[in-house]
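Heads up: the structure comes next, in C-alpha cells.
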Amino acid sequence: MAASQTFSLLAFTFSLLAFASTVSSHNITQILADSPDYSSFNSYLSQTKLADEINSRTTITVLVLNNGAMSALAGKHPLSVIKSALSLLVLLDYYDPQKLHKISKGTTLSTTLYQTTGNAPGNLGFVNITDLKGGKVGFGSAASGSKLDSSYTKSVKQIPYNISILEIDAPIIAPGVLTAPAPSASLSNITGLLEKAGCKTFANLLVSSGVLKTYESAVEKGLTVFAPSDEAFKAEGVPDLTKLTQAEVVSLLEYHALAEYKPKGSLKTNKNNISTLATNGAGKFDLTTSTSGDEVILHTGVAPSRLADTVLDATPVVIFTVDNVLLPAELFGKSKSPSPAPAPEPVTAPTPSPADAPSPTAASPPAPPTDESPESAPSDSPTGSANSKSANAAVGVSTPSLFTALVTIAAIAVSVSLCS
C-alpha cells in the first residue's frame, strides 16, 4: 500500500516537473531570423536595442511589419524617431489571435513600450485595438481623433502567455512621433541636460577636465553616460577629488561612460563585463551589472550604484543618472570582504543510542545552479498558429525554483516508503 502511494506521489511530482520545465524565455531576434519577410524589422530592433528590451520582458506582444511596410517607415526618419515608432508596436500585454478576436466590448486600449520612455504625453503611449466587421481587427493611436490605420494580417509566433508576435499591415502613427526633431547630443546640450537633471558637479568636472570632448568624439558611434547626482558627490565614502592627479580625474570621469549605445533594456540583459571609456586593457576599468526587479545595478568592485533616471535616450546616445559615484577598483581598491570567523574548537559528541527505526526525513539535493528564476506559464495556454523553425534556439527553457521543492517531496516520499 505504501509503495503504491509512493509511486503515485512520485508520478505526480515528476508530472509537475515536466510542466514547470516548459516555462520559456524568448529571443525576438532569433524568432524572426527564419522569416525573411521581417528581416528589415528585425534589423531595426537590433539597431535601436529594442530587441534587448523585448527580451527582458514577459507577457508582451510584438506587432511586426513586413519589409515593404518597414521600408516606407525607415526610409524617411532618423534612428531615434524609428525607435519611438517601433516602441508603439510593442504592447505590454499578451494578445494571441483568439484574444484579439474576443476583446471585451469590442475595443480596448493597450499600454505600449513607448509609454515607459517618459516621452509620451497624455495617452500617446497607448494603442487602440478594435474588432471590426468581417473578423478584421484594427489598430490605431489612442490619441483623440486618431484613425485605425493599421490592420491585423496574420499570426507569426506565440509562446503562450510569454510573447505573441502578430503581423500588421502598417505602422501605428501617434501624433507628433514621426515629426518630432531628433534630440541633440551636442556638447552644450549634454551639459545643459546634466545640469537640469541635478548633475551640475559632474557636468562641471567634464568641462574643466576636458573629458567632455572625449564624450563628444564617441557620440557618432554610440555613447552611454552614467551621471552621478550632485548629492552623490557629497555622500560618505566618496574620495576627495582634489587629492587626485589630473590623470586620475580623467580616468574617473571616463569610467562613467561607454563607447556604445546601451539603453536600459540592454543593461538588463547584459551578462558580460562592460568596457568603459577608461578601459585600457583586459579587465581594466570595466563594469558588471545585475538586476533587482526592473532596476539595474552597476558594480565596480568597490561599491554598487543604481540606475536612477533616463535623462536622454536618442539613438545612439543615452544618458542616465546614477545614485552613487562609480569608483573603479583600479583607483580606489576593491571592497574588502569580511574576515572569516575562526573555526570553533572540535567537540566530542556522546555516543548516540541506537534508534528504533530509521528517520522518515531525507536531505534534499541542492538546487541546480541558475542565473535567473523564470516564471511559470498558465496551464490553459492557447496554441499559436505559426511556429518558428528554430524553436529550440529562440526559446530558452529553464527549470524554475519549484524544482527543489518537488524533488524534496519525492525524496521524503521514498524515505517514508522505505521506513514502512
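The backbone N, Cα and C atoms fix where each Cβ goes, and this holds for glycine too.
Here is what Swiss-Prot says about this protein:
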- 339-371: compositional bias 'Pro residues' (COMPBIAS)
- 26-172: domain 'FAS1 1' (DOMAIN)
- 186-326: domain 'FAS1 2' (DOMAIN)
- Asn27: N-linked glycosylation site (CARBOHYD)
- Asn128: N-linked glycosylation site (CARBOHYD)
- Asn162: N-linked glycosylation site (CARBOHYD)
- Asn189: N-linked glycosylation site (CARBOHYD)
- Asn273: N-linked glycosylation site (CARBOHYD)
- Asn392: GPI-anchor amidated asparagine (LIPID)
- 335-394: region 'Disordered' (REGION)
- 1-25: signal peptide (SIGNAL)
Completion exercise
glycosylation sites Asn27, Asn189, Asn273 vs Asn162 (N-linked glycosylation site), shortest C-alpha separation belongs to Asn27
Problem - Where Asn128 (N-linked glycosylation site) sits in the secondary structure, as DSSP reduces it to three classes - result: strand
Practice task
Pop the Cα-Cα gap between Asn27 (N-linked glycosylation site) and Asn273 (N-linked glycosylation site) into the table, whole Å please.
Solution key: 21
Exercise for the section: Report, in whole Å, the straight Cα-to-Cα distance of Asn189 (N-linked glycosylation site) from Asn27 (N-linked glycosylation site). Expected result: 35
Handout entry: Rounded inter-Cα distance in Å - Asn189 (N-linked glycosylation site), Asn128 (N-linked glycosylation site)
Key = 35
Fill in the blank from the handout: Asn189 (N-linked glycosylation site) has its Cβ surrounded, within 10 angstroms, by a count of other Cβ atoms equal to 14
Handout entry: Of Asn27, Asn128, Asn273 (the glycosylation sites), the residue whose Cβ has the fewest other Cβ atoms within 10 Å
Key = Asn273
Exercise for the section: State the count of C-beta atoms found within 10 angstroms of the C-beta of Asn162 (N-linked glycosylation site), not counting that atom itself. Expected result: 20
